[in-house]
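Student: Can you keep this structure in mind? I'll have questions shortly.
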Amino acid sequence: MRFTRGLKDGLPIALGYVPVAFAYAIRAVDQGFPLWFPILVSGTNFTGTGQFAGTNLIAAGAGIAVLLFTMLVINIRYALMSVSISLKLDGHFPLWKRMIVALGVTDENYAVAMRQPKKLNFPYLMGLMGCSYAGWLGGTALGAGLSALLSAVLSGDAAAYYDMIMSAFNVSLYAMFVAIILPPARDDGRVLLLIGMSIAGSCLFYFVPVLHSLPSGVDIIVVSIVCTAVVSLLFPRKEEESGQDAPENQKADSAPSDDKGGGQ
């Protein structure tokens, strides 16, 4: 799997990130932060929900302990994703490469990476994650750069229309998720069941007052763990499915090479 393939797979994610990152930068500057602040946060965090929540807490004067706990709750799901994606790596991943990959793990990158039929190599992941990271950072920089102009030009009803436009842009992320999950759901009933259970669980957390009052991010963690555990127990993957890459890799390793010093 090549770097260019990763770029191609990451381009739709990057395009979906741009309006969300743009909106984040606008909101951060509107809360009184300097123009460089949202760019710095996006460059070092790369987590949409966490950045929105963290910036809101800082603007509200929350303490460090509250900020750290909130970030832990919201972003702990990435630890689960990182463990899952590490099982799909091709084995040529020293610690420094794993640390770079860990920074690029997002919901969308994880979904695309786990859909790949073969083991994941470093060039592919750098293309995938680098492209989406560029979209996120570029969207933030664009939003920060235009925030002063937009705040000066837009006022009153115009500002309300602007908020509506940005909300419409945010729908692009949901559309991208639909495009990611539909193909595997069409081919595998287990994936379709998992999607249905996840939707039902998310609705419970949204409509049940007690569950809705829990900190942001708890719903994602609980629904992810419970739904995947139930589906895994009811419909465990057969050994030949989970190891479907092994025969191909073994053949590649055992096949005689005709190269005489040439590159790949």
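Cβ coordinates are placed from backbone N, Cα and C, and glycine is handled just like the others.
Grabbed the feature section from TrEMBL, which reads as follows:
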type: TRANSMEM; residues: 12-37; note: transmembrane segment
type: TRANSMEM; residues: 57-80; note: transmembrane segment
type: TRANSMEM; residues: 124-154; note: transmembrane segment
type: TRANSMEM; residues: 160-182; note: transmembrane segment
type: TRANSMEM; residues: 191-208; note: transmembrane segment
type: TRANSMEM; residues: 214-235; note: transmembrane segment
type: REGION; residues: 239-264; note: region 'Disordered'
Student: Count, for each of 12-37, 124-154, 191-208, 214-235, the Cβ pairs lying under 8 Å from the transmembrane segment (57-80), and report the range with the highest count.
Tutor: 214-235
Student: Could you give the residue numbers and ranges of same-chain residues that sit at least 6 residues beyond the transmembrane segment (124-154) on either side and whose C-beta is under 8 angstroms from one of its C-beta atoms?
Tutor: 1-11, 13-26, 28-30, 35-36, 38-39, 41-43, 46, 48, 100-101, 103-106, 108-109, 112-113, 116, 162
Student: Quickly jot the same-chain residues contacting the transmembrane segment (214-235) by Cβ under 8 Å, restricted to those at least six beyond its ends, or write none.
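Tutor: Counting only partners 6 or more residues beyond its ends, the transmembrane segment (214-235) has Cβ contacts under 8 Å with 49, 53, 70, 73-77, 80, 190, 193-194, 197-198, 201-202, 205-206.
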